[in-house]
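Student: Would you mind keeping the following structure in view while I ask a few things?
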Amino acid sequence: MSDTAAIELLKRAVQLDGEQKYPDALTCYSEAIRMLLKVVKEIPMSEERKRTAYQQKITECMDRAEKLKEFIEQKKEACVPSNITLRCPNNYVIVVRSASHGVAQISNTCSYKPGDCIVDSMNSISCLTDSTQCLIHATKKLLPQCNDQYSSYFHIEYDCIPISMDDTSKEYNICQNSTEITSDHGIIRSPGYPTQFQLTSFECFRFIHVSDDKIIRLWLTDLYIDSNCINDHVYVVDNVQTYKHCGLQRYAYPYLCSSTIIIQYLVKNTFKEYRGMRMYFEIVNRPVNDNCPKLTVTPVPSTTITVTTIEPGTTTNTPIYVLLGIASPTRSFQLCAGESYTIQCPTNYVIAVITNIFGVTSSDECELHDASKHCVITTSPIFLCGQTCFYMYPGNQLISSCNNTIAAYQYVEYQCIPIKTPLISPNTSCSNINIHIDRNGQFQSYNYPKLTNMNCTYHLQTKPGYIMHIYALDISLNNYNPICQLNKMSLFETTKNQSLDFCEQRTNSLIYSSCSNQLDLHYMIMNDLQAYSYGIKLYIESQAQPFGWSCGEETVTTLTNPTTIQTTPTPPKPTSITSLSIMTVLDPIEYDICYNDTFIHTCPYGFTFMILNAFYGVKNQSLNKCEFIQNDCTQEALLAITQCQTDAPNCYLSYSNKRRLAHCLDKYADYLHITYQCVPSFPISSTSNLVVYDICDTNKQITDINGIVISPNFPSYQQTNKECQREILGIHDRALKIWINELAISSNTPVKSDKPDFIIYKTNNIEPTFRDICIDDYLIINTPHIAYIYCGIRKLSLEPICTTSVIIQYKTTSSTNPFSKGFKFYFEWIEKPMDILCIGNPSTYNPLISTTTSINEPLPIWAQNLDVSYVLSKQICLGTTDTLQCPRSNDYVISIRNSNYAVTGTGFCEIPSFSHCLQETSLSLTCTHSCFLEYIIPKPLPQCEDQTADYIKIEYECIPTRLPNHENPIDICASTTTDTIAIDKGMIISPYYPSLSSTHICPKTIETIPNKLWMIYIVDLFLEAEDEYGDCIHASLEIYDGNDKRIICGLQQPELVLISCSNIVQFNFISNQQALGYRGFKIYFKTIDVPIGWSCVPSGLTTTSTTQTSPSITLLPPSLQVVAYGGTTMHGSRHYCQFPFIYQGKQYTNCIADKPPHATPDQTVFDPWCSLTHNHDIDDQWGFCDIGVTDSTIYSICQNQLQTIQCSPGYVIDILTADYATKQDGTISCNYNKNDCFQSDASTIENLCSGKTSCTVYHYAKTLVSCQNRLSTYLHIDYTCVPNDIETIMTYDICHNDSRPTGDIRRGFLISPNFPNVKNNINCIYDLHILKPHQDIYLYIIDMDLDAPNLLGQSCTNDRLIIRADNSVTEWCGRSYTNLLLKTCHTSVSVQLIRALEAKGRGVKLYFEFRQRSPNEICEEIITPGTTQPTLTTLPTTIPSRPDYFPDPSPHLIKTLCYPDVSALFGTNNFQCPSDYIIVIHRAFYGKGTGCVYTPGDCTNEADNIYRLCSGKQACSVSFLNTFYLSECGQTIANYLFVQYQCLPTSTIVSNINDICTNQNNQLSPISGILQSTLYPSYTQTQCINITLSPPENSNFIIYMYLLDLNIDIPDVQTGNCTNDYLLLSYQCNNKFYDIYLCGIHQTELLFDTCLTTDKIFISYNLTNQNPQSKRGFSLLYHLLPTSIKTTLPSTTITTTTTLSTTMTTSISRSSSMSTTTLQSTVTFSSTNSTAKHPTEVDTSTKPTNHNPNNKFLIIGIITGVIVVLLCLIIIIYYRRRRSHSKTIDEMPLQNRRNTSLDQNFIIVESIEKRTSIPVAALRGPAISSFRIKTYHEQIQIKDGAIGNSYEKIFSRFLDENVTEIIVQDPYIRAYHQITNFLRFCEAGIKSPAKIKQITLITSTETNEQTKKIQIEQLNEFKEHLRKTHSIELIINYVTGLHDREIKLNNGWIIKIGRGLDFYKPPECKLSIGYYDLDLRPCHQTTIDIFHTERIQSSS
């Protein structure tokens, strides 16, 4: 064997070893050793010398490999509490490199996972001896940095370092620098170490020099000297940092950059135990990715204690927290490789480093720090910081816990802590002392800094509602030993069950945050003979308890991780790409080409190289590097570059000929600076997403998100002769970016340019034919409002275009020439950049306007400091253009303050003067960093006597978009120790800005000193817009200063939004949906002095509110609100209690149980009451608190997001709907749509949340079998809250029927005897009667724990809960969480509980409510032929004992129940399978159609209750007697219930039953069989892995897999994941694998089916629960079917919507994990059948039936048929009689679902042309018959953009001669155009036959005083005009809080318009069609509802 390969591999191992890639190096060493051993065997005996040399090399490699192996294994993780033993070989010592406590994101895990909250714990390490072992006792630790949660594990990493050398020449004396260090490793000791300790008469220096390709690794393996670092210390100095140590230490130094390091050693104090110093060093190869600076190393002077070598920056502004004398907010910064940062705290402040993290990214690039995604490790601060600290990250920190990967960045969080605050501790000996902390103070131990024996407890206390943060300035009690025994400080709270001990903490750090306002500090010193211990010095600060403070609860969530604050690193460097399936443009790169240098770059395969920008530069100072630096003189160079202009991947660019720059005093350029990018050019594989479109191939639209467009036959030129066009369709909320890879066509303008040859601004009415260039050959990029025209030769990148559609036009008629090619460009719809705010029309942004400040322009002081500018101004004269511009490019945005047109009076454009006539104008500018302005068309000014304006004057400000020094903004939802921020300026952003995700309710407060105010600016805000009533419902930012409140949503321009009246300002951010495409917000704030004469003097924030003041509006989830009724509430409006509120001078935060302010004498029982406003004493608005079931809350949770759903204390969650959903078109969106494809998973969410006060729901993407195996895009959840523990609600015993509700009782609890303890051997009946007429009973299960049947399909045996209501009977047993059980219709309920002697469950707890129903709503009367209850028997002809499909599963069966259905009367089973079969539900939904049959397009709601009621049973009774409202379809009543199901065989008839573990590789046979867990139905601990199932070989079968039964351990309550027990099924479909995890208790369901005959199934399961109790295991059923009958339900056949679950039934067993439901057969409906098929009727389309009934049953069948016909006739007669009654439903106070309404005479009109006149006389007369509908309701739907809808056409048919009065209620008659709309409506009335005498206008006023004044003046002017000219009285009423819009005529007509009168779109200009004639004006989409008062039923 050749030794060449072995030697090369060995070289590679040495290289990897030097780069610290130890696992890879170990692999190479091992392989090289193996190869060398083979080589040695082949060496002849004659070559002994060669053999010996190889053997020696093998020995060295084996030694090094062994060391690497030990090093790699030297990391420990353990659960806490536990003992950890660290071990090293003999002659080695342990040096701990990193130690941290962690809070696990996944419950019960004891190892680090990305997303965990980790905190440095190096102070817990006590390995300070030379022992080869070290025992560490890791205890639970309270971590204030993790929201006061306790740690769940302890992580430690350490090195084993030699303590002596076999070769003494490798041991060096620190004080003998004359001896040069020549070895590659060794030990450095102090004189006399360790037993003959010696003082140094001078400071000793030791230099270690290595070549530039080497580095030095260093360990301080022992240090024991005096702890006074001034006179006794060890310095290690390299060119980046200086490290200082003293006292008792061991330390692993971080990466040292220098080729020369200096070690300084000085000791001037002695003690008998001192040893001195010992160090170990080794010299290794410098890694290739080294980023160290080239600086000179100089020793640290002995007389200074400065530890940094770089002078920190200074600031002249005093921070607000210094003025307040408190700690700073938590700051953070991030360093990429080669970057540095200086921390500087103010005088009398020190730095407390909270977090020092190194992070590894998957891309190995410097990305934004995200602890939930990156692998991170926390380390102790690498040096002690005082007032300043300098950080530099060379880029070589190896993270062994992250697969020995080098960290991509370093992330640091810190605070500045005051050290001179008032002393709050008494200087007395021990006694129990109370210490009150007003705001902050310093605590010192008695006699500090000297230890004194004592044992004392101090009671620390602050204000109620506040907590305390405790920072250690010095805790030195135990001579550096962190094991606390005789000396310690303990902190104890009564709310926690253990104390926290401290004895060593010598660095400034936060050590504790309390959960309450009281805390005991116990200080015990039993041994004061500690030479290096001084006592304790603490800084304590009190703070209002932050929002969401967890107070030590072990709630694991990544949202509270303090290490997830976003930062902005430098752009990542490009990586080499060899293949890409998804091709997009790569990041731009900047590069400097020095004189005589050459730039060579090749883009990845499939990409083209493009230069975006280029300029020559002259260095400002000759000593600067050859690179661009601010203030260099530059000159644009892009047009001078002729290279790299074709569609090629490579570029060769040199700067060899010096260029003289005219703009730089004719100096020669030092460098050429370019910015380049790699742009896709062609797809690189058949699987690539990139599509190439030929512009002339077709005119089809292009809808891809990216792609390439080319000319025909490119790059060969081809004439088109005629114009080719293709349209690129846009994506909402995105911008179009185009890169022209190459354009080469003829041009009549040969001048090279990076701009278009011609631009057409369509708003200026310039016709395309006016151009005189690019006539015959051109490429046009045509947007709706601007067109860019190119010809000639081009290669450039266009700025993003804000548009939704672009038309590409291309034409070439010129003959072929050598350079002509055609064109190619790449496009991509990118996320809209912040500097594009598309408001109004698309494409209003001009991509050609530069947003970059000239590099040579001097920066003003405010721009240098990144502060807000002073007010700037710009004047634009008539006929000119100009640009508003802020400096520093993207660092600023423009905020328009004022804009005015002006008339000078002379006709000339003069300098602006106060004497000029001004008229304010809104220019509708969309400005970011710059703004293009033009004043071309003359503007006459009505306020200036219609004179033409001579100029426009604009005042604006520049607002910074970032903070100086790249400091991070503050995340408003970030978990911090305080929600109050005390800094003089800063920024607040929404979570994950600029991408808004998940739902949030987050506050933050900024505070300054009392003589200061705040200026608040919007930098960027893009949230969901307000609704049509102007309210911010889904998302908002509230800014409140105690006097003024701004609630902002939608898309906002940068602006000054508030000058506060207080020194405290609150921010509240609420987002209750997860809509995509929104950025969130960025807010800038700064302090100012109170201006002289300022009328708004700050008084402090005394009363705050986080909700709007309107009693009917709330931004909190409905389930957390208390509904108010009665009292002063308005009928027809939903009101909520407003907390807190003032009543009789006292503040209340809950409902008041006393009598209300105005109680009625006849009422004896009261609900508690509350105020509808925040001050009842002033407003006197109140209502009773509806303490019953709350309104429902709906969330749509995006992929990989979480949502906390919660109820108020005393309430528990009831899950109404939980469906995974995916879009039919495959798009990814979290917006709910009823046409999406849904798959129910209610059982999983119920198991996780039902019955709890709060829970966190995670949406991990799931494969939806019923949706063509697509991944879910969102999880749709609807829930409500049910009372569980409310003191004012009475409790009744089921077995005490004589104690029942009476009088005004409205609700109660009903429990089994002795609940929640077991009470058996009972049989009780409880009759729950309605107390008043027209009442319904709603009955909920709160908790049920009854014995369940042992076997699948059995009925309840030991325990039974029997419910009788509405002539139906249901029976329950097993376990169930909170859910609606039933509702009645004006009837009572009978509850019977039977428990056997051996019953074991806890019993049952029910909750009931009496709810009023409108007397006009008639309940169904079920009429039977006789008075006796029928006994229904099973006919053999209906359910044969042996069906023809026996013993296999049945075909899919369909049954439709028509409303009202009587088949379930008296508990009769109307769904039934044959004996030994059970039901599996495939699909169940309520629907509304033209008949009792489903047809596509019907409105449907999923019937989740049917799954729970029937799955797994042999028969079930489904009642459809009560009305079911389709909540997502306008509360329409369902007229049918559609159920598709199947009958599955059970183990009693299936002969093929197998233990799934017995055979690890099975071919399934016969056609069907059962696979079950070992010893099922008994639970047996078993583990089986990768059981393979497949169809028989060479068969045409696919596999259908059903779950018959699952009863194993439930999922983890925190995460919902299956942990201990699980069943995992992986299956193939279309060559893709899908996984299903199951655990808990699961219903019978179809899990999946395979797609191909070759697809396999892999099953693994784990049953390890130690306490199985009544668990059974699991049972599966498989069924083989030919592929020829496999069909899939079309996605368009059935649509599902969310249901509010107001139906009758609920679940029995509901604890489960993931639910996967599917429907796999085509559903065929018959239009002639109202009920499709009998439940057991065989689907003949799948399998023919051979069953022939016996003749002896024929007579029985005929008789039964006659009875059924008679029943149907009776029901039809009654049903038609009932339909004659009004179905208007009165909304009662306790109605807690959505309001319902039903209009039976409902007319929908699509257009004006389809309308006919209304027979008014007929409406006024009596009903024609009892079947005539009384109410009249017409609905007109006006589509978006429709015309022909003038006021005259809409209203004229109602304005007859009887109309004399009109009432117009519209809150938006405010702006000028809205007042004009009202005038035009009045004109229509005057022109009609109506004799109008009076018009009443009810509207609201503008909020701005100036505009309010104008509004009132204009309306009064019109009022006077009507009176004088037409004798019509106009009455105007201004009402606040107005929302409804309607028009009432005194002839009875009521017209409600969704948008009010303002439903017309604005005209394009005054000279446009439709400006005057409203019939020609396009409309917004709106709905008009028309009623008549005489046919509207009033409700009592």
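Heads up, the Cβ atoms here are built off N, Cα and C, so glycines get one too.
Quick paste from TrEMBL:
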type	residues	note
DOMAIN	175-284	domain 'CUB'
DISULFID	Cys229-Cys246	disulfide bond
DOMAIN	430-541	domain 'CUB'
DOMAIN	696-830	domain 'CUB'
DISULFID	Cys774-Cys791	disulfide bond
DOMAIN	973-1088	domain 'CUB'
DISULFID	Cys1032-Cys1049	disulfide bond
DOMAIN	1132-1187	domain 'Fibronectin type-II'
DOMAIN	1295-1411	domain 'CUB'
DISULFID	Cys1356-Cys1373	disulfide bond
DISULFID	Cys1557-Cys1584	disulfide bond
DOMAIN	1557-1681	domain 'CUB'
REGION	1726-1746	region 'Disordered'
COMPBIAS	1729-1746	compositional bias 'Polar residues'
TRANSMEM	1753-1775	transmembrane segment
Student: For the domain 'Fibronectin type-II' (1132-1187), provide the mean pLDDT of the predicted model.
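Tutor: Per the prediction, mean pLDDT sits at 80 for the domain 'Fibronectin type-II' (1132-1187).
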Student: Of the disulfide-bonded residues Cys246, Cys1032, Cys1049, Cys1373, Cys1557, which sits closest to Cys791 (disulfide bond) by Cα distance?
Tutor: Cys1049
Student: What is the interatomic distance between the Cα atoms of Cys1557 (disulfide bond) and Cys1356 (disulfide bond), given in whole Å?
Tutor: 31
Student: Measuring CA to CA, name the entry from the disulfide-bonded residues Cys246, Cys774, Cys1032, Cys1049 that ends up nearest Cys1356 (disulfide bond).
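Tutor: Ranked by Cα distance from Cys1356 (disulfide bond), first place goes to Cys1032.
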Student: Per residue, counting other C-beta atoms within 10 angstroms of the C-beta, which of the disulfide-bonded residues Cys229, Cys774, Cys1356 reaches the highest number?
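Tutor: Buried the deepest by this measure is Cys774.
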Student: For Cys1584 (disulfide bond), which residues in the same chain are close in space, meaning a Cβ under 8 Å from its Cβ, but six or more apart along the sequence?
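Tutor: Result: Ile1556, Cys1557, Ile1659, Ser1660, Tyr1661.
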Student: From the disulfide-bonded residues Cys1032, Cys1049, Cys1373, pick the residue whose C-alpha lies nearest to the C-alpha of Cys246 (disulfide bond).
Tutor: Cys1049
Student: Given the disulfide-bonded residues Cys229, Cys774, Cys1032, Cys1049, find the one whose Cα is closest in space to the Cα of Cys1373 (disulfide bond).
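Tutor: Smallest Cα separation from Cys1373 (disulfide bond) among Cys229, Cys774, Cys1032, Cys1049: Cys1032.
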Student: So of all those disulfide-bonded residues, Cys229, Cys1032, Cys1049, which one's Cα sits nearest to Cys774 (disulfide bond)?
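Tutor: Sorting the disulfide-bonded residues by distance from Cys774 (disulfide bond), the top entry is Cys1049.
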Student: Determine the Cβ neighbour count for Cys1373 (disulfide bond): the number of other Cβ atoms within 10 Å of its Cβ.
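Tutor: Other Cβ atoms found within 10 Å: 25.
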Student: What are the DSSP helix/strand/coil residue counts across the domain 'CUB' (973-1088)?
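Tutor: Per DSSP, the residues of the domain 'CUB' (973-1088) fall into 0 helix, 60 strand, 56 coil.
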Student: What whole-number Å value do you get for the CA-CA distance of Cys229 (disulfide bond) and Cys1032 (disulfide bond)?
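Tutor: With distance taken Cα to Cα, Cys1032 (disulfide bond) is 60 Å from Cys229 (disulfide bond).
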Student: Around Cys791 (disulfide bond), how many other CB atoms lie within 10 A of its CB?
Tutor: 26
Student: Have a look around Cys1049 (disulfide bond) and count the other CB atoms within 10 A of its CB, chains all included.
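Tutor: Excluding its own Cβ, the number within 10 Å is 24.
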Student: Taking each of the disulfide-bonded residues Cys246, Cys1032, Cys1557 in turn and counting other Cβ atoms within 10 Å of its Cβ, which one has the fewest?
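Tutor: With the disulfide-bonded residues Cys246, Cys1032, Cys1557, fewest surrounding Cβ atoms within 10 Å: Cys1557.
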Student: Would you list the DSSP helix, strand and coil counts for the residues of the domain 'CUB' (430-541)?
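Tutor: Computed counts for the domain 'CUB' (430-541) are 0 helix, 59 strand, 53 coil.
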